[in-house]
Amino acid sequence: MAQFYYKRNVNAPYRDRIPLRIVRAESELSPSEKAYLNAVEKGDYASVKKSLEEAEIYFKININCIDPLGRTALLIAIENENLELIELLLSFNVYVGDALLHAIRKEVVGAVELLLNHKKPSGEKQVPPILLDKQFSEFTPDITPIILAAHTNNYEIIKLLVQKGVSVPRPHEVRCNCVECVSSSDVDSLRHSRSRLNIYKALASPSLIALSSEDPFLTAFQLSWELQELSKVENEFKSEYEELSRQCKQFAKDLLDQTRSSRELEIILNYRDDSSLIEEQSGNDLARLKLAIKYRQKEFVAQPNCQQLLASRWYDEFPGWRRRHWAVKMVTCFIIGLLFPVFSVCYLIAPKSPLGLFIRKPFIKFICHTASYLTFLFLLLLASQHIDRSDLNRQGPPPTIVEWMILPWVLGFIWGEIKQMWDGGLQDYIHDWWNLMDFVMNSLYLATISLKIVAFVKYSALNPRESWDMWHPTLVAEALFAIANIFSSLRLISLFTANSHLGPLQISLGRML
């Protein structure tokens, strides 16, 4: 093992010892320079000032000398947070170098302010070569003061830098083929990736977002989404990007925690880019909450203040609903469910009437939709049992009364899906797997109706079903109808999300599939 340290001398008197020597030489300091740095370390203002004045006259010491740890007098003063010495050293035009970055890393606000206001002299005094060599710097070239300040998330330092007019470079896309990205990646791919990560780490700083963004919620939403997508591409830094994404989501959630009244909460959740006030009912549509759902901000949506507002909107016409007895709730839901045909007709005739506005309330709408869908499933059960068909051997049977009753529901489902796709867009529509199930279900019902029409027009004879062709339109229509019934029954599971116990269970089972 000794050979890894130094060449072993077999003739040495202590052969079981490992001889050591210094292989990395350090700059030698004169006694005056040692005393000078020692005075800075102890905070001896008078001795430091005397040494600086003597250096101006006799040039006995180098005021930019470095100690064995590679620190100049200015860096030592910054580490000790001695603002008087920092101001004194700057007045004698000591070499600044990366002092600002060190002050930011140590979060010495006073030192940062002094360094920002310090004017660099026209001529530099004697500077050790090691300080001028960027390879020996503790910071990579991509680390700027604002990026480092954002990494520390120090609000005061970030504010000082922003007031000076600093800027953060805009990160390019991962697959960007511009000359700058290609050349940087070819020269040093690791530094290129780390540089992008450092920029995003700065942009994700809560203090920087709160200070420089006009819409911090939107900035946090978009940045968390972008970071989540980057984690899927930059596999080597996946955990770092995911952590930054969670940081942005948590910032949006914590910012929403600061709301003090329902009015403030409504203004935030209904805010749009073109209007910040909710003067009309059309603007009271929770646009910001819908945007949070689009960007999958679960922490924001699940925040207690947000949930409280949603609950008040949900039980708009039933104050104190959750405090009522379960029997009263069951009777109320049962009565509203039985009256859903009356409510629906009134809404079609007079949608702006008090009764029409009543059915538009979320809770009433949910009960009516549930009752309507249960009625639809009951009609499917009747149709599958063939209780109203006299002759099952007719190859092209006419539609039964139950099938005529089912048709309005099918047309309503199709119209609802078309309207949802039109309002939300195709991309948002296909991202919800319930919509894909609805699409398959409606397609099966349309295929069933089409095949029944073909069979009714083309076939009219009475033959035993055993003698029919395997691909007879009626047989295929019945098979597709049975499959559509299965999808319709499975669609009932989506109602479980309204229950606080069954909802999480449904989500867990869905992720297991």
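Heads up, the Cβ atoms here are built off N, Cα and C, so glycines get one too.
TrEMBL lists coiled coil at one of the ranges 227-254, 255-282, namely 227-254.
Against the transmembrane segment (401-418), the recorded stretches 326-350, 362-381, 439-459, 479-498 differ in Cβ pairs under 8 Å, and the greatest number is found for 439-459.
Counting residues 6+ beyond its ends, the transmembrane segment (439-459) has Cβ neighbours under 8 Å at 395-399, 407, 410, 413-414, 417, 472-474, 476-477, 480-481, 483-484, 487-488, 491 in the same chain. Mean pLDDT across the domain 'Transient receptor ion channel' (176-238) comes to 84 in this model.
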